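Novice: Structure provided below as structure tokens; questions to follow.
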Amino acid sequence: MDKSGCCVVQGAVSYAKIYGEAELLDHLCARIVSNALNLSEHPFGNYVVQYVIELRMEAVNGRIVNRLIGNHVGLSMSKYGSNVVEKCLRICGDKEKAV
């Protein structure tokens, strides 16, 4: 979860999406979703979560939002987590926003 690692993960997600590597993309997104709360609170990890949200993969975004349920207030008051909450509010659909 350092700056370089987060850049590598973003690059891997981008590669998998652009080149249709569905299995790799699913694996990377599953790991990001399972660690979404910790990543959202981290100085560099929050950029990974925001990046995935920006890809507008509805199912993945829904799983990210579900992982953050019950933590929105705390994240909103966090320097890094607030960026993730804001990104969710801007990009996620009405279904995810209602959660």
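The backbone N, Cα and C atoms fix where each Cβ goes, and this holds for glycine too.
Note: TrEMBL annotation is automatic and uncurated.
Below, the features straight out of TrEMBL:
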type	residues	note
DOMAIN	1-99	domain 'PUM-HD'
REPEAT	31-66	repeat 'Pumilio'
REPEAT	67-99	repeat 'Pumilio'
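Mind mapping these onto the model and telling me what they sit next to?
Specialist: Shown for the domain 'PUM-HD' (1-99): DSSP residue counts in helix, strand and coil, namely 76 helix, 0 strand, 23 coil.
Packing against the repeat 'Pumilio' (31-66) from elsewhere in the chain are residues 1-3, 5-6, 9-10, 13, 17, 75, 78, 80-81, 83-84, 87-88, 91-93, 95-96, 99: each is 6 or more residues past its ends and has a CB under 8 Å from a CB in it.
The predicted model assigns the repeat 'Pumilio' (67-99) a mean pLDDT of 90.
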Novice: What same-chain residues lie close to the repeat 'Pumilio' (67-99): Cβ under 8 Å, and 6 or more beyond its ends?
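Specialist: Those are 33-34, 36-37, 40-43, 45-46, 49-50, 53-54, 56, 58, 61, in sequence order.
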